[in-house]
Amino acid sequence: MWVDANVLIRFLTGEPPEMADRAERLLGRARRDGLTLRIHPVVVAETVWVLQSFYGRTSAEVVGVLVPLLTQHGLRVEGVGVVVRALELMSEKNVDFADALLAETALSRGESVASFDADFRKLGAPWHEPT
């Protein structure tokens with residue numbers, strides 16, 4: 001079963017309480033009962049964006065709640081290693097999650113990134129500004 005960002009956000013924020021309880025029950029079934037919940041990196045990106053823009057969470061706070069959640073038993077994040085490293089880079093290098101995810105994806109595949117965004121210099125992936 002694929003999980004949408006709103007389920008993760010309800011679980012992490014506890015708002016609204018009724019939906020947060022339902023999200024917690026679903027995640028609990030994954031931990032206890034062998035239910036596999038799949039999470040796409042786009043869902044992680046949306047969750048990061050909402051937590052930062054709407055709830056005012058810092059990058060460090062987002063990493064502090066998301067990494068333990070995304071690596072728990074019963075959850076299967078597509079490309080979990082790349083996603084977790086991108087979350088860490090977002091906080092360490094003060095960059096957008098989307099940029100960190102793109103850089104980590106490129107690095108993991110031995111590829112480079114074309115962008116006008118100089119933040120890629122901070123991220124370790126080969127970066128080229130289009131000319």
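Just so you know, glycine gets a Cβ as well, placed from its N, Cα and C.
What TrEMBL says about a protein is an automatic prediction, not a curated fact.
Copied over from TrEMBL, here are the features:
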| type | residues | note |
| --- | --- | --- |
| BINDING | D4, D99 | Mg(2+) binding site |
| DOMAIN | 3-124 | domain 'PIN' |
| said: Using CB atoms and a 10 A radius, I'd like the single residue among the binding-site residues D4, D99 with the highest neighbour count. | reply: D99
| field | Per DSSP, three-state class assigned to D99 (Mg(2+) binding site) | value | helix
